[in-house]
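These features come from TrEMBL:
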- 32-52: transmembrane segment (TRANSMEM)
- 71-177: domain 'FAD-binding FR-type' (DOMAIN)
- Arg126, Pro127, Tyr128, Ile143, Lys145, Lys151, Val152, Ser153: FAD binding site (BINDING)
Amino acid sequence: MSFIRAATLARSATSSCRRYSTEAGAKKSSSLGLYLGGAGLVGLGTYVYMGFGKGEAVTAKKDLKSPLDPSKFIDLKLKKVEPCNHNTSKFVLELEKGEASLLPIASCVYIETPDFKDDKGQPMCRPYTPISASDLEGELTFIIKKYETGKVSKHIHSLKAGDTLRIKGPLPKWPWKMNELEEVGLIGGGSGIAPLYQILQHALADKTNKTKFKLLFANVTEQDIILREEFDAMKKKYPETFDVVYVLDKGDTNWKGPTGYISADLIKQHIAPSSLGEKVKVFICGPPGQVASIAGAKKGREQGELNGVLKELGYTKDQVSDRAIQQAIISLKYFFVRCINYEQQISSRSI
C-alpha cells in the first residue's frame with residue numbers, strides 16, 4: 001500500500017470512527033508534551049499519521065512527491081557518509097529528482113537490517129529521525145551514533161556510498177502545530193537530539209513562528225556534542241525565539257557551561273514552568289536513564305508513572321500523559337486494520 005493510497009483509504013473510512021478524532025481534537029492540550037523517544041509512540045505511529053490529522057502539514061516548495069511507504073520497506077541508495085566525531089556520522093540517502101521525504105512534523109522512519117534477525121527470525125529494525133528538511137529535494141539525511149552493542153547502528157556504520165538502506169515510514173510521533181504554544185522546553189541527550197532538531201528546524205524557519213524554544217542538550221564530553229554548528233547558527237539567526245544550553249557530564253578546565261546531570265535547578269533556570277499551563281510544553285528525548293531521571297521510566301510503549309525531576313517541580317501525571325491521543329491511537333489502530341481488510345477485498349474482486 002503506497003504512502004498516498006494509505007492516506008486516501010484512511011480518509012475514506014473516517015465516517016466509522018469520526019467520533020474519536022473529534023473528541024481528541026476537542027480536548028485541551030496538557031502543559032507537558034509526550035516523549036519523542038524512539039520507544040514512545042513509534043510502534044503505533046502509522047495510525048496517528050493517518051487518523052490524527054491535526055499535526056503540522058509540510059507545504060512543499062514545488063510539486064514534490066515522497067517515495068516513502070508506511071506499509072512496507074523500500075531501498076534507498078546511500079549517497080555519502082559524513083563523520084561528525086569518533087562514533088557518530090551523517091548518512092545522506094539519495095532521492096530521485098522531484099522527490100522529498102515530505103515527513104509530517106514530528107515523525108521518524110524505521111531502518112531495517114536484513115542481515116540481523118530478532119528472536120522471532122525477523123529482520124531487525126530501529127526508528128530513526130531524519131535531520132534533513134521535510135521538503136528538501138533529492139536527499140534524506142540521518143545522524144546516527146554507533147553503539148558497540150547495537151547491531152542496527154553497527155550495520156549502518158559499515159555501509160559506504162553506493163550501498164542501500166531499507167526504509168519504512170513515516171511514523172509520526174507528536175502532531176506539531178505552529179504557534180499553538182508560547183514556550184517550548186526541549187531536553188535532549190546524545191543522539192536523541194534528532195527528533196528535537198527536526199521540530200526546531202521546521203518551526204524556526206517558518207516566518208510566522210512566535211513560539212520561544214529553549215534547548216538543554218546533555219552530552220558526556222564537548223566532543224560528543226553533535227549538530228553544534230547547526231544549533232549555534234539557529235541561535236544567531238533566531239535570537240528572539242531560540243536559545244541553547246550545552247550540559248556536559250564532565251567538562252575540562254576550558255569548559256564554561258554547566259556540568260553534571262540535568263537537575264531541577266537547571267530546568268527551573270531555563271525551562272518555562274508548568275504554571276503557564278497550556279502555553280508551555282516540554283519535550284524529552286535521550287537515553288533511558290536520562291528520561292527516567294527527569295520524568296520517570298517508560299512502561300513499554302506507554303509513558304509510565306511520572307517521577308523524577310519533573311514531578312519534583314510540580315508536574316502531574318495528567319500533564320505528562322494526553323489520554324485523548326492514546327484513545328485516538330487505539331481507535332485508529334482498529335480503523336487502520338479495517339482499511340487493510342477493505343483494500344484486500346477490493347484487490348481480490350479485481351483478480
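Cβ atoms here come from the backbone N, Cα and C positions, even for glycine.
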| note | DSSP puts the residues of the domain 'FAD-binding FR-type' (71-177) at 7 helix, 52 strand, 48 coil
| query | Near the Cβ of Pro127 (FAD binding site), how many other Cβ atoms are there if near means within 10 Å? | reply | 22
| task | Return the residues near Lys145 (FAD binding site), defined as same-chain residues 6+ apart in sequence whose C-beta is under 8 angstroms from its C-beta, sorted by sequence, else 'none'. | result | Asn87, Thr88, Ser153, Gly190, Ser191, Ile226
| query | When you measure from the Cβ of Val152 (FAD binding site), which residues in the chain that are at least 6 apart have a Cβ under 8 Å away? | reply | Ile111, Thr113, Phe116, Met124, Cys125, Arg126
| field | Densest Cβ neighbourhood among Arg126, Lys151 (binding-site residues), 10 Å radius | value | Arg126
| Per-region confidence, the domain 'FAD-binding FR-type' (71-177) (mean pLDDT, whole number) | 94
